[in-house]
Amino acid sequence: MRVAIIGAAGRMGKVLIEAVDEAEGLELGAAVVEPDSTLIGADAGEMAGIGKTGVALAASLADVKDDFDVLVDFTFPDLTLENAEFCKVNGKRMVIGTTGLTEAEKEQLSLAAEATPIVFAPNMSVGVNVALNLLRTAAQVLGDDYDVEIIEAHHRHKKDAPSGTALRMGEVVADALGRDLKECAVYGREGFTGERSRKEIGFETIRAGDVVGDHTVLFAGIGERIEITHKASSRMTFAKGAVRAAKWLEGKGAGLYDMQDVLALK
Ligand SMILES: NC(=O)C1=CN([C@@H]2O[C@H](COP(=O)(O)OP(=O)(O)OC[C@H]3O[C@@H](n4cnc5c(N)ncnc54)[C@H](OP(=O)(O)O)[C@@H]3O)[C@@H](O)[C@H]2O)C=CC1
Ligand SMILES: O=C(O)C1=N[C@H](C(=O)O)C[C@H](O)C1
């Protein structure tokens, strides 16, 4: 199966090139950088620091249309939606790690997935996806007696907040507690806020240095608290998940899937 990576010179893009190069059964078919990049034409592997791959960095998906079967996209919402339309029209499968999409943008993605199979997940690591199931269990057992707060930390370059993973964690916990996250989420606190309402789910965001991605969900009751924490120490954990998702897509029909489907955790 031939894989194209878009956003190839990005933090995730470079690691994805390495992960695809190492993966059995996958071949790097194309790597796309932004259209004004001075890197166009350079070898993708050399740019990623793994030596020659024989794949030249391209300026657009249209330029490499015949060179891949699956597109791996860790970029930003506008571009991801554009790419999903391209994949829909050209019969390409897709693995999407991009976060920060609005509800309307997610709806647009669902429409593209009616025509082509797409795995879309805010976090491709096995650990986070196992943690989502632990959170569901914890919330079901602890119920409304425990206050829920979600704390996440990422590197200084991250553009969206809270992280896609933190939001997904919030959705899972809210769902298990019979709440709607849109109604009970509180994003940061400042000033004279009054007492905490019992059913809110709080989000706290830290942006600092080179933190790859830390998430903690705190369930705090009277006399005890439980913290479920995941810490990513290398982006390779996300890239390996994306590789797994790309392989899993082979033979799948059109539809919007996530990593819980890929890992059979549903
Ligand atoms: N699901 C998951 O497991 C994970 C998801 N993510 C998400 O992935 C996304 C990307 O993160 P990260 O790699 O850190 O971000 P980066 O900003 O490092 O990467 C994005 C890359 O896309 C490039 N780009 C911009 N426009 C185009 C274009 N038209 N064509 C091709 N490439 C283009 C950018 O180039 P330039 O900088 O020159 O504009 C940049 O190199 C984020 O949404 C992040 O939250 C991250 C890690 C894990
Ligand atoms: O931007 C990042 O770096 C990450 N983004 C994802 C998110 O928003 O949840 C996943 C991971 O934590 C790294």
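Using the three backbone atoms N, Cα and C, a Cβ is placed for every residue, glycine included.
TrEMBL annotations: computationally assigned, not manually curated.
As annotated by TrEMBL, active site, proton donor/acceptor applies to His154. There are 25 other CB atoms within 10 A of the CB of His154 (active site, proton donor/acceptor), with all protein chains counted.
Within the same chain, residues at least six positions away from Lys158 (active site, proton donor) with a Cβ under 8 Å of its Cβ are Arg207. Residues or ranges marked as active site, proton donor by TrEMBL: Lys158.
The NAD(+) binding site annotation in TrEMBL covers Gly7, Ala8, Ala9, Gly10, Arg11, Met12, Glu34, Gly97, Thr98, Thr99, Ala121, Pro122, Asn123, Met124. Within the same chain, residues at least six positions away from Thr98 (NAD(+) binding site) with a Cβ under 8 Å of its Cβ are Asp73, Phe74, Thr75, Phe76, Pro77, Leu79, Thr80.
Within its own chain, His155 ((S)-2,3,4,5-tetrahydrodipicolinate binding site) has Arg207, Ala208, Gly209, Asp210, Val211, Val212 as residues 6 or more apart in sequence whose C-beta sits under 8 angstroms from its own. Per TrEMBL, (S)-2,3,4,5-tetrahydrodipicolinate binding site is recorded for His155, Gly164, Thr165.
The domain 'Dihydrodipicolinate reductase N-terminal' feature in TrEMBL is assigned to 1-124.
The domain 'Dihydrodipicolinate reductase C-terminal' feature in TrEMBL is assigned to 127-263. Averaged over the domain 'Dihydrodipicolinate reductase C-terminal' (127-263), the predicted model reaches a pLDDT of 98.
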Residue among binding-site residues Ala9, Ala121 with least C-beta crowding, 10 angstrom cut-off: Ala9
Spatial separation of Gly164 ((S)-2,3,4,5-tetrahydrodipicolinate binding site) from Glu34 (NAD(+) binding site) - C-alpha basis, Å: 23
Close recorded positions near Asn123 (NAD(+) binding site), where close means Cα within 10 Å, chosen from His154, Gly164, Thr165: Gly164, Thr165
Cα separation, Ala121 (NAD(+) binding site) to Thr165 ((S)-2,3,4,5-tetrahydrodipicolinate binding site) (Å, whole number): 9
